[in-house]
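Over in TrEMBL, the protein carries these features:
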- 1-17: compositional bias 'Gly residues' (COMPBIAS)
- 1-42: region 'Disordered' (REGION)
- 24-38: compositional bias 'Gly residues' (COMPBIAS)
- 42-102: domain 'HTH tetR-type' (DOMAIN)
- 65-84: DNA-binding region (DNA_BIND)
- 261-274: compositional bias 'Low complexity' (COMPBIAS)
- 261-281: region 'Disordered' (REGION)
């Protein structure tokens with residue numbers, strides 16, 4: 001059984017598979033169960049995920065095997081692989097969980113606040129609150145996520161689900177704010193705010209201040225600055241500059257967003273990644 005490389009393989013034997021696996025195909029198993037299945041299956045999935053996160057924190061990501069996760073969770077190795085085909089899928093499950101918790105946590109601020117600065121501040125501080133328990137081993141995830149070829153990269157195809165969930169959250173943030181933004185900039189804004197959040201994540205990973213106070217201070221300082229800059233974008237005198245900025249962003253940083261402007265309904269465009277931005281001018 002391939003454990004040494006991080007548990008990336010799926011056992012070929014059927015030993016240890018639980019009764020609730022019967023009749024289901026092996027392909028896409030993690031996604032099938034991760035879709036919100038209730039009852040015992042969802043409880044088992046959450047148990048495996050929570051156990052994995054605890055072991056990542058205690059032993060480190062690289063030193064934690066799927067076999068160890070299964071043993072600690074009290075399930076068979078085959079059952080662990082049934083819910084998560086590899087350690088990478090476990091981290092993707094963590095990304096999904098974070099996105100769900102983040103969406104729930106910002107419900108109140110997005111329902112009650114209308115000022116863009118306050119909405120942005122609330123969304124980013126909520127993420128820091130949710131991520132706080134995982135700060136001590138976040139750098140281990142980042143080592144893998146920083147690899148452009150890694151499925152754990154926030155720009156990867158595999159991360160599309162949680163990435164688009166956060167972008168949708170930022171779209172809701174913008175749509176509910178009492179601010180008028182240049183139309184072309186407004187189209188790119190949710191992805192720009194997602195990139196801002198990615199910058200915050202990077203800063204937070206390296207933040208060693210008590211309770212990540214500097215990360216929180218960064219949110220407090222930048223949220224009103226972003227709001228003021230966006231409010232100024234609608235002034236006629238700044239429109240040429242705004243057009244130039246949006247063109248640069250669309251061409252070099254957000255190629256997928258630019259492509260969607262010319263895509264008809266139902267056409268799927270490639271995900272936004274630094275690699276596609278650089279290699280597909």
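Quick reminder: no glycine exception, Cβ is built from N, Cα and C everywhere.
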Secondary structure content of the DNA-binding region (65-84), with strand meaning DSSP E or B: 15 helix, 0 strand, 5 coil
Whole-number mean of pLDDT values that fall within the DNA-binding region (65-84): 96
